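Colleague: A single structure is presented below for examination.
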């Protein structure tokens, strides 16, 4: 029953250790697990004790336990004991025999790295073997044991994430009885795993949303926190996320709605009107360092943006944007536009003087040059320009002071990489401000070449104006579309274009290398050949030709191939790629614009003084509701569903009358609801006696009937009806 002997390392394994990790990849995780499980089965077949535990062979098991040569604590390929094997295969009788013979097995964890820390209690809980769980707890199995192996971590390569404690395992498999048993035996509902996640956090991440909501309520019922402890649902993990915020980041709309139902207070019901108070704790971004709204819009999951359509988030964002966000954003856009006009004017009228001395080269066409600092501010016009330059410099400093703190707060990768948060525009505006300061330094030090940073600053500064289009529903999604095309389609296309241009430019250069450059010199110099090929690729110029001389024969062949590949194939491919990107973004343009509005609102709320942006909602202190803030929403529900049913009966009777008047016309049968929902919209053509007005009237009734019955069959809840919401503060 001894362990495996270590294998001798051959030349291959030694070479693998010496080679860099990027040359020799580690073994795939799935293959590694497959190998471990195959070794486990092999080890079970080789060990009589493990095999008897697997097969629940009690007679053999008792004989082995009486044999003094049998090591009851022997382990399998995964570092598991015989009790782990019995629990894995739900063999209660074998587990009881093993615990009677060796009670210490109850506390033994698995030693394999992938499953480290897993006890028999973890396995029994996952398999929902209630009797075995009771037996283990009776023998004082540890309810605080932690399964810390790599197979239990929150990772894309793992199919499940149940946390580390037996209680979280029981909650994730939705075993209410086992959860109660563990809590009664001292399981800590506030226990956190290595990520800081409590059992509530882990429930948010489970795929079965309905069971997760039920278990969430059960666990909260055991939260008997004292005055010195915060509520269980407000305990953050290591990322600072509470279960509520984690639901927003993950886009778990079911859990979000469930939690909001627990936070709402119905004030009154007046016929179809219902007044509801929603608790804005953790929702309102006012004064929050880790804003819920910012977390939602910056989430990598598209489902997270659906949270923005849920009550009361939708109403809160709408109020903030319409009352504060839109006016301040328009003012900010106007100020930036005036600022760019000022900077552009200063650049246009920069101090220049006539160049002294004679030109030394025939291709030199420069007639003006930059003035020295001592000569640049002498006239009245220079003083006016100086004021504009000071405004430009102060504006650049303000931009840097506003942008740099957010980089450290959010993180560079997230701040510059999230399109919804502004992403590339932050890079552009920071680069612009830096170039303005570089231009100032060059002006003060009399350094020639200020035109370089100045020209780049003008381009970047005016490109930043596109950032303010996010305040308009028609233009906002187009900025995202442009960004996706530039960083997606264009980047991929540039790699292909570079390969094609490099290959054909080299060919053109070789062809014209022996020719007279005075007759056709576009390809004589290699850099010029690259530039000419680039222009030909984009069809900026036509193919160079000189009909007074004989061109090389290979030029026609290579140019023909280049025209087919570049103009007909690759450019049209690029257009098709951009068209596909446009279609994909257009499908979610409204959703993207709402996310842009939320991100802009949070940005303005964070940067503006509190006196300019008061807190939204109703303070509960004034009405005996504590120190929390609330949002009042009025729902209007249609409480007369029988009216819709009467419309359906009218449509059915109308169909019967049409059948009697026109027996030759075949109408769809109303026996099945699916057939009613797919009522035919085709006009009857067999009868020619119907007038045009009758046909038009019949078409209108058909459309109205199809829409009404379609809504019914699509799951319209007649007990609630359609409702609209009005929010108040």
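Note that Cβ sites are derived from N, Cα and C of the backbone, with glycine treated the same way.
Note that this is a predicted model, so its numbers are computed, not measured.
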Colleague: Tell me whether residue 155 and residue 411 fall on the same side of the membrane, as recorded in Swiss-Prot.
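Modeller: For residue 155 and residue 411, the topology recorded in Swiss-Prot gives the same membrane side.
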Colleague: To which of the residue ranges 356-376, 524-544, 587-607 does Swiss-Prot assign the term intramembrane segment?
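Modeller: Comparing 356-376, 524-544, 587-607 with Swiss-Prot, intramembrane segment matches 524-544.
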Colleague: For the feature region 'Involved in Ca(2+)-dependent inactivation' as recorded in Swiss-Prot, pick the matching range from 642-645, 646-649, 650-653.
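Modeller: My reading of Swiss-Prot: the region 'Involved in Ca(2+)-dependent inactivation' range is 650-653.
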Colleague: To the transmembrane segment (557-577), which of 328-348, 449-469, 493-513 is linked by the most Cβ pairs under 8 Å?
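Modeller: Ranking 328-348, 449-469, 493-513 by Cβ pairs under 8 Å to the transmembrane segment (557-577) puts 493-513 first.
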Colleague: Quick one: do the transmembrane segment (328-348) and the transmembrane segment (449-469) reach 3+ CB pairs under 8 Å, ignoring pairs fewer than 6 apart in sequence?
Modeller: yes
Colleague: Could you give the residue numbers and ranges of same-chain residues that sit at least 6 residues beyond the transmembrane segment (449-469) on either side and whose C-beta is under 8 angstroms from one of its C-beta atoms?
Modeller: 329, 332-333, 336-337, 340, 343-344, 347, 350, 370, 422, 425, 428-429, 431-432, 435-436, 438-439, 442-443, 475-476, 478-479, 482
Colleague: With DSSP helix as H/G/I and strand as E/B, how many residues of the topological domain 'Cytoplasmic' (409-419) fall in helix, strand and coil?
Modeller: 8 helix, 0 strand, 3 coil
